[in-house]
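Encoded as structure tokens, the structure appears first; notes follow it.
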Amino acid sequence: MTKIVSIVGRPNVGKSTLFNRIIGYKKSIVNSKSGITRDRNYGFCNWNGIEFCLIDTGGYTNESKNIFDKKICEQFLFALAESDVILFLVDPSNDILGIDYDISKRIRKLKKSIYLVINKIDIYKNIYNTYKYCKFGITKTYCISSINGTGTEKLLDSIVSNFDKNIKIYKKNIPRIAIVGRPNVGKSTLINTLLNKNKNIVTNISGTTRDSIDVLYSKFGIECILVDTAGIRKKKNIKEDIEFYSVMRAIKSIQNSDVSLLIIDSKSGFESQDINIFKIIENNNKGIVLLINKWDIFNNNYLINSYENKIKKIIAPFNDVPIFFTSSFTKKDIIKSIKTAVKITFNLRLRIKTSLLNKIILPILNKNPHPSINGKLITIKYCSQIQTYNPQFIFFTNYPNNIKESYKRFIENNIREKFNFTGIPIKILFRLK
């Protein structure tokens with residue numbers, strides 16, 4: 001079982017900076033404004049050959065009436081419950097506050113391995129300022145700088161010293177599935193439904209999710225990483241820097257995933273921004289599954305065909321995409337959509353032998369040849385698949401620059417149909433032979 005280490009503390013003490021420092025890249029958004037991290041953010045670290053899971057939590061507050069602060073507190077408690085080790089991060093530049101005592105009291109009750117981590121010693125080098133934290137009664141104390149890394153090596157050495165060296169994390173080829181869409185279409189609710197618990201904060205306020213959150217899903221014979229992302233708005237509707245970073249992180253999550261589940265709000269329909277997100281996924285050559293969410297509002301199977309046909313007309317010519325009409329409340333077709341996304345991931349990696357490709361595709365092209373141009377007969381000699389991550393095929397012809405777009409789509413559709421590339425963008429190239 002993978003060991004779990006969580007970073008906790010009041011707002012703006014450097015938790016996300018330390019999280020990014022340990023996992024080795026900027027997965028959490030870092031800003032001087034407090035309250036940026038809301039959900040539990042998961043990352044993975046390999047230190048001295050030992051792997052563990054790291055959780056970044058939102059800044060804990062105990063008296064705020066703000067709805068997000070209350071939800072952050074819930075996420076804080078969830079993180080404590082699932083952790084083996086707790087890093088209590090403090091900032092020596094401020095006096096000890098009542099909230100610090102509250103956090104200390106809560107974590108000490110758990111009887112787990114606790115580290116008091118005094119941050120920002122690159123700025124506040126007076127070691128005597130750290131003695132005030134003896135009041136917490138936490139014996140394992142480390143002074144670090146999450147900005148420049150001072151002291152983090154000793155901290156990590158101590159953390160992993162009691163871990164089993166044989167612990168392993170995710171398989172390297174496990175499918176990564178990004179849950180994407182406009183704000184407030186039900187992305188986090190979908191993940192919480194799959195997990196049967198409140199992993200991510202859900203409210204009726206758009207923009208609740210800011211970081212992209214990785215979640216390991218292993219149920220019903222399915223194993224994959226689900227990535228909950230911030231809602232992607234149009235650029236003109238982005239009102240603050242944090243939201244801009246969140247949208248950029250969401251787009252990055254699409255690029256780093258195998259398949260994207262694009263969630264559409266059934267009530268508002270397939271809007272222009274949904275088309276923009278669809279194009280982002282397609283242009284990055286990622287697999288696509290469409291989820292028409294909140295279908296329980298309609299609960300009308302007679303509408304499905306007309307709704308689906310309308311969407312396929314909008315997304316044409318790439319409309320060979322699985323479409324599911326789902327509801328996070330009734331759980332209709334949710335598992336089926338995840339299974340389809342996983343299947344698409346493995347089909348993305350499919351490599352077709354050149355002999356088989358030519359045996360199946362060339363007879364179709366010979367039966368349906370490209371129209372002649374200015375009396376010139378266009379012939380395709382043979383084809384092969386390029387060794388890239390996403391499916392790309394190269395066709396050798398006597399006039400590569402004269403191939404019409406419609407014929408290119410004809411080839412693409414036949415490859416998709418014959419070799420089960422449903423939901424996968426295919427790139428077709430032509431070269432002179």
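Placed from the backbone N, Cα and C atoms, the Cβ positions cover glycine too.
The GTP 1 binding site annotation in Swiss-Prot covers 9-16, 56-60, 119-122. In the three-state DSSP reading, Gly9 (GTP 1 binding site) counts as coil.
Marked as GTP 2 binding site by Swiss-Prot on the basis of sequence analysis: 181-188, 228-232, 293-296.
The annotation domain 'EngA-type G 1' is assigned in Swiss-Prot to 3-167.
Marked as domain 'EngA-type G 2' by Swiss-Prot: 175-349.
Among the features that Swiss-Prot reports, domain 'KH-like' is placed at 350-433.
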Rounded Cα separation (Å) that holds between Lys15 (GTP 1 binding site) and Thr229 (GTP 2 binding site):
20
DSSP helix, strand and coil counts for the domain 'KH-like' (350-433)?
31 helix, 21 strand, 32 coil
Which of these binding-site residues is closest to Gly9 (GTP 1 binding site) if you go by CA atoms: Gly181, Lys187, Thr229?
Thr229
Here are some binding-site residues: Asn12, Thr57, Asn184, Thr229. Which one has the most Cβ atoms within 10 Å of its Cβ?
Thr57
Other than its own, how many Cβ atoms are within 10 Å of the Cβ belonging to Tyr60 (GTP 1 binding site)?
23
